[in-house]
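Trainee: Got a structure for you, questions after.
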Amino acid sequence: MAGARSVGSLPVPNVQALAEICNDPDEHIPERYIRPEASSEEVINNYQGDMAIPIIDLKKLLCPQSSEEECVKLRSACQYWGFFLLINHGVPDEVIANLKRDIVDFFSQPLDTKKEYTQLPNSLEGYGQSFVFSEDQKLDWADMLYLHVHPSDSRDLRFWPTSPASFRQSIDAYSSETKSLALCLFEFMAKAVGAKPESLLDLFEEQPRGLRMAYYPPCRQADKVMGLSPHSDAGGLTLLLEINNVQGLQIKKDGKWFSIDAPNGALIANIGDTLEILSNGKFRSVEHRAVINPNKERISAALFHYPSENMVISPLPEFVKDGKVKYRSISYLDFMKQIFTQQLDGKNRVEVLKLDQ
């Protein structure tokens, strides 16, 4: 987001290049990438019924005959899971296909070509890694390209690849098509808990959005590394697109990790810390992580929706009908500075804002 331009991440080795070396049986994974916790915690892979991640159908939300029932499902998903699969979302297949093609082509290019878009000091935008602030810190097994996509005047085109030639156009089209989708979700989320539909809509409608495209190389010792450290997202809402249908996202619920396998064509939506605070805990952000496949690369694109950097985030009156405020207020700019100057650490940053009940 724009307000985090003054912070950045330390440069680290390119993981895609490192993976090519480490997949040689005679080579060892560098110690900074070894994560004992990657294989020590229970993971649920096959689940159903009440233990299955909710699926929300946008067509049913928009249909007067089924909207009320689907709103109940949406409320439950946001309250108990913090994640849901979104089907019939209305983003054109062609727009998604073009973005997928160009992201795959970008990460397939020679390293020297991708390095033309390397992050600069004190900047989050560009090609590299995020949340690296110490030379002793454990590292994630991933390379990323992060861009500010909205508003358009916040875009720094130095970091927008010109190869593939259609990449900029594909990103712009995807950003435009998902805007109305996100706003629709904000509207129905508020409606689902009896608040005014515009209560969330007004806070996010013309505010910053960022796109993080991530490449997770395969690793023959996948149980020893971590693609993305456990964390919760800082913003309001995240829409995740799986690019090549390789599973790797896991979310934490009731102390256990659940693997998420999205149906082809679905988007994965999740609640961010900001929305948890604004809703006074009626919605909750959830700790999640990315794990590595031993044989296949995984590629994803996460679109983050932020409020204004000038906003003070605190529970909205519409969500505090019982008079019990559960979170301290904090300026969003200060909140983001905390996040982008520390390594990822579960849900710690939102937990410290909770008031004793």
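Each position is counted from 1, following the chain as shown.
Backbone N, Cα and C atoms are what each Cβ position is placed from, and that goes for glycine too.
Fair warning: this is a prediction, and the values are worked out from it, not measured in the lab.
So Swiss-Prot has the following annotated:
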type    : residues               : note
DOMAIN  : 207-307                : domain 'Fe2OG dioxygenase'
BINDING : His231, Asp233, His288 : Fe cation binding site
BINDING : Arg298                 : 2-oxoglutarate binding site
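Give me the lay of the land around each of these features.
Mentor: Under DSSP, Asp233 (Fe cation binding site) is assigned to coil, being neither helix nor strand in the three-state scheme. Around the Cβ of Asp233 (Fe cation binding site), the number of neighbouring Cβ atoms within 10 Å comes to 24.
Cβ neighbours within 10 Å of Arg298 (2-oxoglutarate binding site), excluding its own Cβ and spanning all shown chains: 23.
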Trainee: Report, in whole Å, the straight Cα-to-Cα distance of Arg298 (2-oxoglutarate binding site) from His231 (Fe cation binding site).
Mentor: 19
Trainee: Tell me, what is the mean pLDDT of the domain 'Fe2OG dioxygenase' (207-307)?
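Mentor: So the average pLDDT across the domain 'Fe2OG dioxygenase' (207-307) works out to 95.
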Trainee: Counting other Cβ atoms within 10 Å of each residue's Cβ, which of the binding-site residues His231, His288 comes out lowest?
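Mentor: Comparing Cβ neighbours within 10 Å for the binding-site residues His231, His288, His231 has the fewest.
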